[in-house]
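Everything on this sheet refers to the single structure shown next.
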Amino acid sequence: MSPTLLLTEQLIARPSVTPDDAGCLDLLARRLAPLGFACERLDSGPENFRVSNLWSKRSAALSGQAQAATKTVVFAGHTDVVPTGPVEQWSSPPFTPTHRDGRLYGRGASDMKASIAAFVVAVEEFLAATPDPRLDIALLLTSDEEGPSVDGTKVVIEQLRARGERLDWCIVGEPTSVEQTGDMIKNGRRGTLSGRLTVRGVQGHIAYPQLARNPIHQAVPALTELAATVWDMGNAFFPPTSWQMSNIHGGTGATNVIPGQVVIDFNFRFSTESTAEGLQQRVHAVLDRHGLEYDLTWTLGGQPFLTTPGELVQAVQQAIRAETGLETELSTTGGTSDGRFIAQICPQVIELGPPNASIHKIDENVRLVDIEPLKNIYRRTLEHLNALAGA
């Protein structure tokens, strides 16, 4: 069994459902410390939702290669996994790593314990071949990415920024591939902005509408306009910004009562062509123009970020090409990731991991043939970046 596969299985065997790390970070710290990594725990959150965070960094100064402008590459990942769902529906126990049909089954197999294991082993191999690297290498790992994402990477980034930590390149180990490891990487993500709109009316008997004011009827024209609005046209890297309703709550449950209010939840996934502030202003303008009596609360889940083709993208592309022969596709599709926090202090962020077809599903799995190539791509990327750091 390869070291990468063995470490992946050891991580899967730890039932690390958010925010419980279940010992994953301790296991990883024990692997990293002998390589010269300084391992720092930056746990955060209340006792009933305590989040485990690890910042682990190896400085080029250890080998006397540090320069005033030494660059840092960081791998970002999460040890937490989503709940299993009905255990009886799994073909094998979700936290018992199981091989079947050329695949490794278990919760977290593809999201994202294979990626973490692959990077750790890639670092081991890289340092064995390059004992005096010219770049700093770091790992930022958390047990709160699948949950609220309040006390995880976000908190660590705030602390790193406060003490002036420099990050130049970041690889997030999210499962980005489609059919084969390396066929797609994410070089950005859309922003996410949610709103909860409460439209107030006057409750009354449905047979006497003249004595009431139906908030649903009042809201519909405004909602129709919002749904039809073209917010932007997107650009070469992002699709157009989208606005979608997710929930509508109104009524008392009775069929003869006009409700006193209706609550609508909605979400923007927005490109770099729009700003959160601009979208908020445009929504308020529509609601005001329709004369609604309303309250609206906003939650900004993350700003969009984009890494244009440059040092990091090219290093990863070269590594993928050398390992697999693939010309990888750059994409900004999909949901959010912790990359949105890291991009605040790191100018180049990409995401690369195994295929994502089974993530969050019953019988989550990763193909065995996708694991070693991922490790090799990470190692080759380190080699490319090390050459850049010494240029």
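Glycine is treated like the rest: Cβ placed from N, Cα and C.
Summary of the site annotation: Swiss-Prot records Zn(2+) 2 binding at Asp111, Glu146. Screening the candidates His360, His384 against this entry identifies His360 as the one listed for that site. Swiss-Prot names Asp111, Glu174 for binding Zn(2+) 1. Of His78, His99, His205, the residue it gives for the same site is His78.
For the Zn(2+) 1 site, the Cβ centre of His78, Asp111, Glu174 serves as reference, and the other residues of the chain with Cβ at most 8 Å from it are Gly77, Met112, Ser115, Glu145, Glu146, Val172, Gly173, Pro175, Ser337, Gly353, Ile359. Geometry remark: Asp111 (Zn(2+) 1 binding site) versus His360 (Zn(2+) 2 binding site), CA distance 8 Å. For Glu174 (Zn(2+) 1 binding site), applying a Cβ distance below 8 Å and a minimum sequence separation of six or more within one chain yields Asp111, Met112, Ser115, Lys186, Ser337, Gly339, Glu351, Leu352, Gly353, Asn356.
Taking the centroid of the Cβ atoms of Asp111, Glu146, His360 as the Zn(2+) 2 site, the other same-chain residues with Cβ within 8 Å of it are Val81, Val82, Gly108, Met112, Ile359, Glu364.
Each of the binding-site residues His78, His360 was scored by the number of other CB atoms within 10 A of its CB, and the lowest score belongs to His360. The Cβ of Glu146 has fewer other Cβ atoms within 10 Å than any other of the recorded positions Asp80, Asp111, Glu145, Glu146.
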